[in-house]
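Annotated transmembrane segment per TrEMBL: B:20-41, B:75-92, B:104-123, B:129-148, B:160-182, B:202-222, B:248-270, B:282-304, B:316-335, in sequence order.
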Amino acid sequence: MKPTHLFQAEQLVAGYENKTVIQDVSLVIPSHKISVIIGANGCGKSTLLKTLARLIKPTSGTITLDGKPLGKLPSKPLARVIGMLPQSPIVPEGISVADLVGRGRFPHQSLFGGWTKKDNEAVAEAMRIMDITEFANHPIDELSGGQRQRVWIAMALAQETDILFLDEPTTFLDITYQVEILDLLTDLNRKHGTTIVMVLHDINLSARYADHIFALHQGKLVAEGEPSEVITSTLVKDIFGLDCTVIEDPISGSPLVVPRGRYHVNQEV
Amino acid sequence: MNNQSIQFIVTGRRQRRRRWILVTGILAILAVGLCCAMLLLGNTIYPVKDVIRALTGEQLKGVSFAVNTIRLPRMLAGLFAGFAFGVAGYTFQTMLRNPLANPNVLGITSGSSAAAVFCIIILHTSGAVVSVASVIAGLATVIVIYLLSRGTSFSIGRLILVGIGMQAMLDALISYLLLVSAEQDVPAAIRWLSGSLNGSQMHQLPPLVITVLVLAPVVILLGRHLDILELGEQSASSLGVATDKTRIVFILGSVFMIAMATATTGPIAFVSFLSGPIAKRLAGVGFSNVIPAGLVGVNLVLAADLIGQFAFEYRFPVGIITGLLGAPYLIFLLIQMNRKGEL
């Protein structure tokens with residue numbers, strides 16, 4: 001089981017050059033849980049994730065890991081605790097799957113040290129979890145979108161961090177692969193205790209897989225808690241501007257958002 | 001099951017590693033062979049024994065002059081410049097993830113050349129002043145290109161286009177300087193147009209040799225950081241690379257090496273552009289290709305120089321030969337990138 005960490009953001013303000021996106025967000029990431037950040041397009045969920053994963057420097061406010069400010073921790077040891085899977089990672093042409101996954105071992109390697117047995121084990125384990133061992137020696141260019149996504153997650157797993165941030169890990173994937181990826185991430189969380197924080201586009205999948213939801217609206221944190229408490233028709237109306245009915249998902253029991261539209265308004269559920 | 005899958009992964013990795021070692025070894029042996037050829041071949045072919053005796057300091061009439069004063073500096077200039085061009089070119093191409101992003105295309109080489117020509121023709125200086133001026137000009141070119149191409153967000157395409165424009169301007173400046181120069185300076189300055197090992201002299205070499213001996217090991221040691229930078233800004237940061245600092249180290253290291261090499265031999269066309277892709281094609285992509293790229297650079301320069309010296313009726317400077325090799329590859333690459341929609 002991974003160690004417990006206190007990962008905390010206080011009065012976070014962040015954004016790009018002359019545009020503030022995140023406004024005064026304070027939150028604590030629940031350790032050993034799956035947290036999902038939801039919100040409409042452009043509400044800043046991806047920016048918040050990147051700021052937490054220290055890819056964007058906050059304008060003001062603090063992010064602390066076990067009480068220490070993130071900016072003051074040296075980047076390599078920090079990369080052994082926090083990992084991040086960007087939304088569109090870049091693939092070096094012709095690289096084999098195993099070698100790419102192996103690059104996740106970088107923060108565990110010293111400047112003069114070579115490749116160790118432990119590196120091999122971590123790579124093999126990451127590939128086993130993501131079920132891509134059979135492709136180990138294939139060039140990544142030959143894989144399908146869903147397989148590639150598993151390779152990227154495997155790279156993040158080989159990094160063996162306690163906390164893993166993922167920016168829309170299921171975009172561009174068919175629904176089958178979306179469920180598969182989210183199941184694999186849940187395995188990771190349940191078996192290894194890895195704290196997972198991700199941005200998901202699909203509110204129903206978010207409700208189903210999240211232990212904890214952070215709902216973001218125009219850069220502000222408007223609600224947080226268990227999906228069953230947070231996801232209500234009022235919240236969906238507020239943050240997405242969508243009229244809907246929330247029912248119980250017959251499979252998982254989590255909230256299920258059923259949208260109304262101009263052509264489908266009158267049928268009561 | 002788990003042990004088996006580890007074994008499967010380890011075996012694949014070991015095979016790729018073996019290929020890398022084999023290719024690097026062959027490239028190194030080839031480079032040593034070409035170095036020997038550079039010492040042995042010339043207008044007169046002396047016995048190997050005499051060449052070795054001359055190199056170890058014995059005074060032999062004719063041999064000593066030909067070997068120690070003409071062939072040895074020529075060989076060393078090619079060796080170190082080739083390695084510098086290869087390593088620096090590969091560093092830029094990998095860091096910016098684009099084979100077009102190399103010191104030639106970005107105009108860094110032209111910046112250094114222009115400064116060197118200016119020093120020689122207008123200021124009538126040589127040696128250390130030329131070296132310092134070409135390093136400063138190389139760095140200044142990088143900074144200007146970077147500032148001009150910055151825009152609202154960093155774009156490699158814009159960087160390359162600005163670089164090409166910069167290069168055209170600097171090349172025009174070099175041509176202008178050559179036109180206004182005194183007639184007796186032209187032969188010395190003409191090497192700045194094509195790059196040549198002709199007339200390399202021992203006393204010109206120390207700045208280049210020291211730079212390469214100090215900076216190439218740094219780049220080689222940080223090879224793994226370069227591989228991580230290749231994964232893009234976000235992945236690299238989350239893997240624990242201090243991206244800004246690391247990039248500055250690579251840019252400074254590469255520009256210093258390029259500038260020193262350019263100050264010594266002139267811009268040997270396309271070597272920094274060709275070395276990386278050739279090394280990757282030969283050694284594979286799993287492991288850091290800094291060393292193979294440097295060795296390919298050495299082999300290209302020395303082989304092209306030998307071809308230029310002995311294959312034709314006239315002697316051609318090395319840059320003409322590498323230019324003949326590189327230009328078709330540039331066209332091929334542009335067509336390929338255009339097809340993939342990367343341009």
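Any Cβ shown, glycine's included, is placed from N, Cα and C.
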Are there residues at least six beyond either end of the transmembrane segment (B:202-222) with Cβ under 8 Å to its Cβ atoms? List them, or say none.
68-69, 72-73, 76-77, 80-81, 83-84, 87, 91, 127-128, 131, 246, 249-250, 253-254, 256-257, 260-261, 263-264, 288, 290-291, 294
When only pairs 6 or more apart in sequence are counted, do the transmembrane segment (B:160-182) and the transmembrane segment (B:129-148) reach 3 or more Cβ pairs under 8 Å?
yes
Would the transmembrane segment (B:75-92) count as touching the transmembrane segment (B:129-148), if touching means at least three Cβ pairs under 8 Å and pairs must be 6 or more apart in sequence?
no
